[in-house]
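Working notes for the structure below.
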Amino acid sequence: MIDRFGRPLEDLRITLTHVCNFECFFCHMEGEEGDNYILSKEDILLVAKVAKNFDINSVKLTGGEPTLRRDLVEIVRGLKQLGYRDVSMTTNGLLLKDLAYKLKLAGLDRINVSLHAISRETFKKITGVDAFDRVIEGIKSAIDVGLVPVKLNFVVNRRNREEVFKFIELSQNLGVNEIHLIELHPVGLGKLAFKEHDDLREIEEYIEKISIKKQIRKKHFRPRYVLPSGLIVEVIKPYANPIFCAGCNRIRLSVDGKLKTCLYREDNVIDILDILKGEYSEDVKEELLGRAFMIAIAIREPNFKYKI
């Protein structure tokens, strides 16, 4: 489906829980606030089933920390049984070592691991947990079982800026496929932490100089740089960036049963919780959810627009 701004809707991003075993000071919480209501596996899979009718073929599981859901493996398996071409997950990696193989067997295609530091000291300052070594083990396990491409997310801020290039070196040594250098943006806890925002221009200019190839990704029109080692460095700058918004192809399912059309917006949402929890037949629920998706697509718009 194409929205009124000419943007295709291709990706469903599902927040499985707000609970997390880390305390990152800048967490955007998928732009969600409020109670930690958790949709059931059946609710999630029903929404995903309806989303398939709108040519959505990719699902990203997020949190909070999705590995804290005991039914995570079953959710992944259910999504693949629905026929999704690409099912991926973003995780902090703390529990990944023990789950990687099970997730691969269930059908998880690839994984993003958040790693915002390259030293135990900085890692603990950012996450509140002394778990750097355990996360590294989780990353290695993901590579070993074939959850590829394995991508590492690094939110650049004033506390870790000096570690960016060592992070690139670590990523190359680990053998991951790709890293994302992400701008800190004022969403969720990031609103309070935005004073730690750091401009990525100098970093990106240097990466472009040492790269052997530059690409522009369709999603968000993100710049990607291929290094001589083969590592791909993707630079993600969402804040006040109309180019980023013009390439957005996502819709979000929140933990409390809302279709969220934009990470930055709390007004452009469609509440579907009453449909999911109502005493309707599954056929009626599917019809009502389909209408909800149509409305969501109709109201979907870029948060940052070009000024004419």
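Yeah, the Cβs are placed from backbone N, Cα and C, and that goes for glycine too.
Source: prediction; values computed, not measured.
Annotated GTP binding site per Swiss-Prot: Arg13, Lys60, Thr90, Lys151, Arg250, Ile251, Arg252, in sequence order. According to DSSP, Lys60 (GTP binding site) sits within a strand segment. Counting only residues at least six positions away in the same chain, the Cβ atoms of Asp11, Leu12, Arg13, Ile14, Ser88, Met89, Thr90 sit under 8 Å from the Cβ of Lys60 (GTP binding site).
Positions annotated as [4Fe-4S] cluster 1 binding site by Swiss-Prot, on the basis of sequence analysis: Cys20, Cys24, Cys27. Classification of Cys20 ([4Fe-4S] cluster 1 binding site) by DSSP places it in coil, neither helical nor stranded. Cys20 ([4Fe-4S] cluster 1 binding site) counts 19 other C-beta atoms within 10 Å of its own C-beta, drawing on all protein chains shown.
Summarising the annotation, Swiss-Prot assigns S-adenosyl-L-methionine binding site to Gly64, Ser114 and lists sequence analysis as the type of evidence. When other Cβ atoms within 10 Å of the Cβ of Ser114 (S-adenosyl-L-methionine binding site) are tallied across all protein chains shown, the result is 21.
Swiss-Prot lists Cys245, Cys248, Cys262 with the feature [4Fe-4S] cluster 2 binding site, giving sequence analysis as the kind of evidence. Classification of Cys245 ([4Fe-4S] cluster 2 binding site) by DSSP places it within a helix.
Per-residue pLDDT, averaged across the domain 'Radical SAM core' (4-224), gives 93. The domain 'Radical SAM core' feature in Swiss-Prot is assigned to 4-224.
Among the binding-site residues listed here, namely Cys27, Cys245, Arg250, Cys27 has its C-alpha nearest to that of Ser114 (S-adenosyl-L-methionine binding site).
Using a 10 Å Cα-Cα cut-off from Gly64 (S-adenosyl-L-methionine binding site), the binding-site residues that qualify among Cys20, Cys27, Lys151, Arg250, Arg252, Cys262 are Cys20, Cys27.
Nearest in space to Arg250 (GTP binding site), taking C-alpha to C-alpha distance over the binding-site residues Cys20, Cys24, Cys27, Cys262, is Cys262. Here the Cβ of Gly64 (S-adenosyl-L-methionine binding site) has 23 other Cβ atoms within 10 Å, regardless of which shown protein chain they belong to.
Note: the [4Fe-4S] cluster 2 site is recorded as Cys245, Cys248, Cys262; in the same chain, Arg7, Phe244, Arg250, Thr261, Leu263, Tyr264, Arg300, Glu301, Pro302, Asn303, Phe304 also have Cβ atoms within 8 Å of that site's Cβ centroid.
Arg250 (GTP binding site) falls within a strand when secondary structure is assigned with DSSP.
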